[in-house]
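Okay, structure first, notes after.
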Amino acid sequence: MGTGHFFWVIFYFASLCSASLANNAKINFREKEKKVLDQILGAGKYDARIRPSGLNGTDGPAIVRINLFVRSIMTISDIKMEYSVQLTFREQWTDERLKFDDIQGRLKYLTLTEANRVWMPDLFFSNEKEGHFHNIIMPNVYIRIFPNGSVLYSIRISLTLACPMNLKLYPLDRQICSLRMASYGWTTNDLVFLWKEGDPVQVVKNLHLPRFTLEKFLTDYCNSKTNTGEYSCLKVDLLFKREFSYYLIQIYIPCCMLVIVSWVSFWLDQGAVPARVSLGVTTLLTMATQTSGINASLPPVSYTKAIDVWTGVCLTFVFGALLEFALVNYASRSGSNKANMHKENMKKKRRDLEQASIDAASDLLDTDSNATFAMKPLVRHPGDPLALEKLRQCEVHMQAPKRPNCCKTWLSKFPTRQCSRSKRIDVISRITFPLVFALFNLVYWSTYLFRDEEDETF
């Protein structure tokens, strides 16, 4: 009796297992998905031209929630004032016509790859210049339909978007580039876009840009009103800070070096005309070429940029060094001519004095007819140049001593003759040019760095 009872128990469990396996073998979930899709999207059952109803089946506008995942930012062009971005764009809304039975939780969602099978929001990017989808290896798009009628649309796209820039502080500037999304045909009475709650915009980690740093991003709404109605709009503002180290190495330091090299001519001899001219012209042309290269990488704008002030002042200093040599050369030649004229006058006076002395001696040795000597007094006339020179020396010695001046004492090391004016100009330029350039740097960096900190608090 015990053996027969044990046999029937084993037979019962074997029957249950075989029945369960048979049931599982009969249920094909892929076939179930097909039946559900045919059931909710079949002909005459779903019309993709009709928008979904509002919240809780009301006649209000359809609510579409948006979120983005920024995969990469390729380029930010200052010339074209645009930037290129690759992102994963997602939309989510509820369409009660797409509800289905999840077979006790076994069907989590249905997946479609054809967007035209269901109703889609007519969203477009209002500041887009170019854009394309990604189709390698298959189109990077999917639509998920959940049992409660919720629809998730996801696609990977690459966009080139307009980014108007204010370059007044370039290259110490920050730029705000926007991404705007709006409804093209449905007004706010039929369709409303909202940012997804929580984290609507995500950015890939370790985002690297060659000349910019993404500091932060802000989401906002930008609904627009036209003569055809009000349209829902979303925007995300990306704040980029320009990396200054590149411009410091490529622009600012080379310009400083060119200005300093132009000062070398102040230390060259005033007679080294070929050396000073070639040095001045070379630095001037190099600075002009540097300025042209900088402007070639920027759009033509009607206002003055920070880099324009820098290059303009540096170019002025280099040009001023060249003009300084022209002034030195003119002073040197003018002094030489006056010195030659002074020497000629002195020689002429000396010859006149010698001739006057010879005439006086002849008169003293002159005798009359009675062989008696006639002597004439040696009296110097008031207009005699020698007497005037003696009188001037006396006046100099009788003048009271003046209080010494440090600047005049330093300048007195150089002769006061006309031919030494050129040397004085060089000596003054050695001090004046560096001091003025240092003062300009102090004002420049204080002004633009202070403005940069102000803009940071917007």
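Even glycines carry a Cβ here, placed using N, Cα and C.
For 6-25 (among others), the entry in TrEMBL reads transmembrane segment.
Positions annotated as domain 'Neurotransmitter-gated ion-channel ligand-binding' by TrEMBL: 34-242.
Counting only same-chain residues 6+ beyond the ends of the transmembrane segment (244-268), those with a CB under 8 A from a CB of the stretch are 171-172, 211, 275-276, 279-280, 283-284, 286-287, 290, 294, 307, 310-311, 314, 317-318, 321-322, 324-325, 426, 429-430, 433-434, 437. What TrEMBL lists as transmembrane segment is 244-268 (among others).
Residues or ranges marked as domain 'Neurotransmitter-gated ion-channel transmembrane' in TrEMBL: 251-356.
Per TrEMBL, transmembrane segment is recorded for 309-331 (among others).
The transmembrane segment annotation in TrEMBL covers 431-450 (among others). Listed by sequence, the residues of this chain that lie at least six past the ends of the transmembrane segment (431-450) yet keep a Cβ under 8 A from its Cβ atoms are 169, 172, 259, 263, 266, 306, 309-310, 313, 317, 320-321.
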Take the domain 'Neurotransmitter-gated ion-channel ligand-binding' (34-242) and average the pLDDT across it for me.
91
